[in-house]
Amino acid sequence: MIIQITAEIAGLGIIDNSNHNSITSFMGFLAMLCSTAFFFFERNSVPRKWKTSQLVSVSITGVSTLYFFLVLNFNMTTGNSPIALKYANWMFTVSLICVQFYLLTKPNGTKPTTLFKMILASMIMLMTGYIGETIDIENNIQWGIASSFGYFYIIFEVFAGDIYMHSRDSKSPELLRAMFFLKILITLGWSIYPIGYMILPGNLLSTVFEVNHIYSFYNIADSINKIGFGLVIYSMAIAETKKYSKAKVHA
Ligand SMILES: *C/C=C(C)/C=C/C=C(C)/C=C/C1=C(C)CCCC1(C)C
């Protein structure tokens, strides 16, 4: 009901209440819109050191706002989601999430080559996933496994590779706490995507869910992960600022 009214005010027409894709896209759209506004207007509250990271957060949710707006229109006219658009959005936003890890640990020595390797791994993850969902859907299990190697590489970098090593050396308890939450996001939060993918025909969950529910999984995962990353980094920046201003008062 509320969703319908809001969508009408937004000039989007009426959302079919039985269409999970439209409903989760609309929720994604609102969540991305609000968080983009939030990250944008809060950019002056974060210290200079973290301004670039804050801008990257704005880009991630900003692009996804536009993405969800387009998808919602598509959903409402066809009842379906455009797969290519989803993957195009991921190519861009997952790369930016890798940039976030790089920026966080760059002051402690992470090199651009690490960023390059992480982006390469995400491209492999996404390209193989795309093939499994579109042109070679019969072999989606094999493509899903191939894709998981890219995913595991990113997890490896964060838990044991350069990103881990250069955050471990950090003296900032705020940064270490942020890394702790980001680790939860890239393992639990990101695992929603391969779980959704398993709804594809012949895959593990194909008998549990209807195939077009896959997009509800992806839409919910996008909201959790893209906004979650931004919030963790924002909170870290604010916590650091508070500490310094306290130190100044006591000096
Ligand atoms: C903002 C978008 C994000 C964080 C997207 C992340 C996407 C994944 C982690 C996708 C992973 C996949 C697998 C690990 C195997 C099956 C195919 C994918 C592409 C769904």
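For all residues, glycine too, the Cβ spot is worked out from N, Cα and C.
Cβ atoms under 8 Å from those of the transmembrane segment (23-41) belong to residues 3, 6-7, 12, 15, 17, 54, 57-58, 61-62, 64-65, 67-69, 71-72, 75, 81, 215-216, 219-220, 222-223, 226-227, 230-231, 234 of the same chain, restricted to positions at least 6 beyond its ends. Per TrEMBL, the feature transmembrane segment maps to 23-41 (among others).
The transmembrane segment annotation in TrEMBL covers 53-72 (among others). Among residues of the same chain six or more beyond the transmembrane segment (53-72), those with a C-beta under 8 A of the stretch's C-beta atoms are 7, 12, 15, 22, 25-26, 28-29, 32-33, 35-36, 39-40, 42-43, 46, 81-82, 85-86, 89, 92-93, 96-97, 99-100, 103-104, 219, 222, 226-227, 229-230, 233-234, 237.
Among the features that TrEMBL reports, transmembrane segment is placed at 84-103 (among others). Counting only same-chain residues 6+ beyond the ends of the transmembrane segment (84-103), those with a CB under 8 A from a CB of the stretch are 52-53, 56-57, 59-60, 63-64, 67, 70-71, 74, 110, 112, 114-115, 118-119, 122-123, 125-126, 129-130, 134, 154, 157-158, 163, 182, 215, 218, 225-226, 229, 233.
Residues or ranges marked as transmembrane segment by TrEMBL: 115-135 (among others).
Taken from TrEMBL, the feature transmembrane segment covers 141-160 (among others).
According to TrEMBL, the transmembrane segment annotation covers 180-200 (among others). Under 8 Å from some Cβ of the transmembrane segment (180-200) lie the Cβ atoms of residues 101, 129, 132-133, 137, 140, 144, 147-148, 151, 154-155, 158-159, 206, 208-211, 213-218, 220-221, 224-225, 228-229, 232, all in the same chain and six or more residues away from its ends.
The annotation transmembrane segment is assigned in TrEMBL to 220-239 (among others). Outside the transmembrane segment (220-239), and at least 6 residues removed from its termini, the chain residues within Cβ reach (under 8 Å) are 24, 27-28, 31-32, 35, 39, 42, 45-47, 49-50, 53-54, 57-58, 60-61, 64, 93, 97, 100, 104, 174-175, 177-178, 181-182, 185, 189-190, 192-193, 196.
With a cut-off of 8 Å between Cβ atoms, the residues of this chain six or more beyond the transmembrane segment (115-135) that come close are 83-84, 87, 90-91, 94-95, 98-99, 101-102, 141-144, 146-151, 153-154, 157, 163, 197, 200.
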